[in-house]
Amino acid sequence: MAESVERLQQRVQELERELAQERSLQVPRSGDGGGGRVRIEKMSSEVVDSNPYSRLMALKRMGIVSDYEKIRTFAVAIVGVGGVGSVTAEMLTRCGIGKLLLFDYDKVELANMNRLFFQPHQAGLSKVQAAEHTLRNINPDVLFEVHNYNITTVENFQHFMDRISNGGLEEGKPVDLVLSCVDNFEARMTINTACNELGQTWMESGVSENAVSGHIQLIIPGESACFACAPPLVVAANIDEKTLKREGVCAASLPTTMGVVAGILVQNVLKFLLNFGTVSFYLGYNAMQDFFPTMSMKPNPQCDDRNCRKQQEEYKKKVAALPKQEVIQEEEEIIHEDNEWGIELVSEVSEEELKNFSGPVPDLPEGITVAYTIPKKQEDSVTELTVEDSGESLEDLMAKMKNM
């Protein structure tokens, strides 16, 4: 009897887990009112509690963004829906992006719970399915397209390229931006290869294995350095990174660092898409010193990726074809704002005197003048003063001086 009760309790627990998974898989369609509301066709700046976009539209009123509603016209692909990618997807969803394409082959595990976004009851689901369900409930206005596969395989690579080149907001048009949020070099190089071949702008992000530093990088094929222009040592040495992993050893992971990296990544995405502020080509983050280094890297003319070299040549031709603008610098007159009486300083030395004291000016080409000349050497002339003898004695002269 006791065994039967125990089996029934186990069966109840199994059914409860299955029910939780089924509820997670019941993803509401766009416009079905995910999150308890219907789809909003047009963003409004009306300040009411029921408007999810009022705080975002305030950016336009404050002069930060000229047209925030334009964000609904963009499609962004996110490769890797882990600690950085899932938070990135959530932020873009809350910002009201037009469409998100999510790529990941992994499943949610309890070991992921130290990161952000995922919940324990989603364990066992694919990351893209779990993310889509949660994101649709946050904002049903966003369109989602999810792909549960590994982009590094030969079979899936062509499909991945097809979706980023034809999976835009309008079918047949490319996405506006690809975001790399993966945790291995093989996947980064795969994204780099695809984007170089298609001429697709993308942003790369990463967090260090000790979890206290990270970075983001904007890569415009031909204009800035691609991931293969200056690859990490593990890639340059052709080492199989799978051999670097050891049993029972994993990389450290902090939700704070991943949240910071995801935040600066999405901030850079918004500035790039909505054209405000300064877009960073490279921005690092060091949590130990709270240091944010920035830089820009030029592409390597000897890059191993032939498509990168091809994009560089096309970019040079594009720049050469631009009309050259001649910059004419006008000399500004010095204006003394506090000179009410029109007082002018006049030199006490005349031009003739200045010319006499100036040295010879060499014959120079047109447009070149000397800063100064060596003054002429003045000949020392000694003038002797003579006094005529008056014939008076010394006593007479002394007497005259006393009478003065």
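Each residue, glycine too, has its Cβ placed from N, Cα and C.
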Annotated residue, phosphoserine, per Swiss-Prot; candidates Ser45, Ser208, Ser350: Ser45
Annotated phosphoserine residue, as Swiss-Prot has it, among Ser50, Ser358, Ser381: Ser358
Per Swiss-Prot, the range holding region 'Linker', considering 285-315, 316-346, 347-377: 347-377
Which range of 117-132, 245-260, 389-404 is motif 'UFC1-binding sequence (UFC)', per Swiss-Prot: 389-404
Distant-in-sequence Cβ neighbours of Asp104 (ATP binding site), under 8 Å, six or more positions away: Val79, Gly80, Val81, Gly82, Gly85, Ser126, Lys127, Val128, Asn148
Spatial separation of Ser45 (phosphoserine) from Cys303 (Zn(2+) binding site) - C-alpha basis, Å: 48
Asn184 (ATP binding site) and Cys229 (Zn(2+) binding site), distance between Cα atoms, whole Å: 17
Positions on the same chain near the motif 'UFC1-binding sequence (UFC)' (389-404), where near means CB under 8 A and six or more residues out: none
